[in-house]
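Quick look at what TrEMBL annotates:
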type	residues	note
TRANSMEM	17-43	transmembrane segment
TRANSMEM	55-78	transmembrane segment
TRANSMEM	98-116	transmembrane segment
TRANSMEM	128-147	transmembrane segment
TRANSMEM	153-186	transmembrane segment
Amino acid sequence: MSDLGDWYRGVPRFTRLWFTGTVALTLFGRFGLLNPINLILLYSEAVKRLQVWRFITSVLYYPLTPQTGFHYLINLYFLYNYSRRLEEGTYQRKPADFAFLLIFNWICCIIMGLVADMPLLMDPMVLSVLYVWCQLNSDVIVTFWFGTRFKAIFLPWVLLGFNLVISGGGLMELIGILIGHLYFFLAFKYPQELGGPSLLSTPGFLKNWFPEEGGGTFGPAPDRGPAIPRGRMWGQGHVLGGN
């Protein structure tokens, strides 16, 4: 138990909060402590009846059944792996900027969920964060099933295509990619690569709540440690040359 506690305390705070919220709400819904119908995003309830908690719970909750259990665990792994990499890598000394990334992607997920009538938003939220990591680490080589290797920049699209072929889905993954790209374009590509003005700035109140920890610069930086991207029946991956 001490090892588990040490591991949990070692997870950076925003990833730990997101991970804990997802596990807790999913288990509460699974075992009947909370009614799942009150956790999903429904326009009539969230907007018309002002049940605003649904804007948060719909991103965290996932309906856990014997049929969906494997996909949930894979999503949970993606959440932990890529959120932690970003928080400990590019955003290591910029907690407010990382919090803003999560908030921006969350708001976009809610908007798309209301427009596209999607009651569950864990998939696009997780994939949006994965997409940002892949863009910031685009030249990292990942290994897919059967030893297929390619650059990380292609990983979100491979996952989308694979899910489209296997299960006929793909809409939520595509929305996650679009949201992740919107953030990456506004925060990195447009101001840094295209020389445009900054269109996406972290609000001052977040910087006051989560001040910089000293040193470092805000921008793409290779994350440390071995990457092991996995997905919904998507195989196992790793960063070649990692520690």
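Quick reminder: no glycine exception, Cβ is built from N, Cα and C everywhere.
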Do any residues, 6 or more residues outside the transmembrane segment (55-78), come within under 8 Å Cβ-to-Cβ of it, and if so which ones? 18-19, 21-23, 25-27, 29-30, 36, 38-41, 46, 106, 109-110, 113, 119-123, 125-127, 130, 229-234
Applying the under-8 angstroms CB criterion, which one of 17-43, 98-116, 153-186 scores highest with the transmembrane segment (128-147)? 153-186
Near the transmembrane segment (17-43) in space but 6 or more residues beyond its ends, with Cβ under 8 Å, are 11, 51, 54-58, 60-64, 72, 76, 79-80, 83, 102, 110, 113-114, 117-122
